[in-house]
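Participant: The following block contains the structure, expressed as structure tokens.
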Ligand SMILES: Nc1ncnc2c1ncn2[C@@H]1O[C@H](COP(=O)(O)OP(=O)(O)OP(=O)(O)O)[C@@H](O)[C@H]1O
Ligand SMILES: C[C@H](N)[C@H](N)CCCCCC(=O)O
Ligand SMILES: [Mg+2]
């Protein structure tokens, strides 16, 4: 089973949602590979998104973390390469190379979770392919993480419309971080996004409580608790 984790924007909770989905798969006894095709905004020695997921879950033997390429500037991959004085075509893996890597992970793990960079249409390759192209190429199911705040209706509608026009007639929408004291706006947006998912024929997995990874001593338990509450549609191993 291959999931492609994307979002309506950067910083919406894709990595945390990846960790919750991985926790769910681990709790079903599945092996999991986390693949971040292009990690930007971090130096060589800093933990990236895939390593964060492994650490938060206690570095279980059943979970492995992989990264395609890492660039220091906190930007979209092509810009991060250009700002480093590098040729994007020389440093960013091609779609074919990402497909091969995912294929190798899929052959050796029950579940593969790919996390994009930023939102759905951020280009991961020099040729301009996105996480949507990679998801299509490997037959991944799309998961979109969204915010609960003002602005999410437009961002989420645009993202789901872009998914539909690319042939993703199914997928899962979730809220990446839902306040512990939600205001009426957040409550309305929870209902609005549930309805929006249904309008596109997508599933709505629910809202991840904010603060899930705040306390390092409780990350693993909190992520597994959140995984148990998700309304996750689960064809096959997930
Ligand atoms: N449910 C949550 N509980 C606790 N912290 C959260 C939650 N969701 C998001 N965050 C925090 O918000 C910030 C952004 O979340 P995250 O890193 O998952 O975003 P992202 O969409 O993966 O960003 P990027 O595009 O850089 O990969 C992080 O500091 C993360 O720890
Ligand atoms: C640096 C950040 N955390 C992500 N890794 C990359 C986000 C790229 C967003 C590009 C954009 O939508 O403007
Ligand atoms: Mg992330």
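Placement of Cβ uses the backbone N, Cα and C atoms for every residue, glycine included.
Nobody curates TrEMBL annotations by hand; they come from automatic prediction.
Predicted, not measured: the structure shown is a model, and the values here were computed from it.
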Participant: Name the one residue among 49, 79, 87 that TrEMBL lists for the same ATP site as 11, 12, 13, 14, 15, 16, 115, 116, 117, 118, 176, 177.
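Facilitator: When TrEMBL describes the ATP site, the candidate it includes is 49.
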Participant: So which of 15, 49, 177, listed as binding-site residues, have a Cβ under 6 Å from an atom of ligand 3?
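Facilitator: 15, 49, in sequence order.
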Participant: For the Mg(2+) site (15, 49, 115), what does the 8 A shell look like? I mean other same-chain residues with CB within 8 A of the CB centroid.
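Facilitator: Result: 5, 14, 18, 34, 36, 48, 50, 52, 53.
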Participant: Looking at the recorded positions 13, 15, 36, 115, 177, which have a C-beta within less than 6 Å of some atom in ligand 2?
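Facilitator: Near ligand 2: none of them.
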Participant: Please identify, from the binding-site residues 13, 116, 118, the residue with the sparsest Cβ neighbourhood, meaning fewest other Cβ atoms within 10 angstroms.
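Facilitator: With the binding-site residues 13, 116, 118, fewest surrounding Cβ atoms within 10 Å: 118.
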Participant: Given a separation of at least six residues and a C-beta threshold under 8 Å, show me what packs close to residue 40 (substrate binding site) in the same chain.
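Facilitator: The list for residue 40 (substrate binding site) reads 70, 71, 72, 73, 74, 75, 76, 77, 80, 117, given in order along the sequence.
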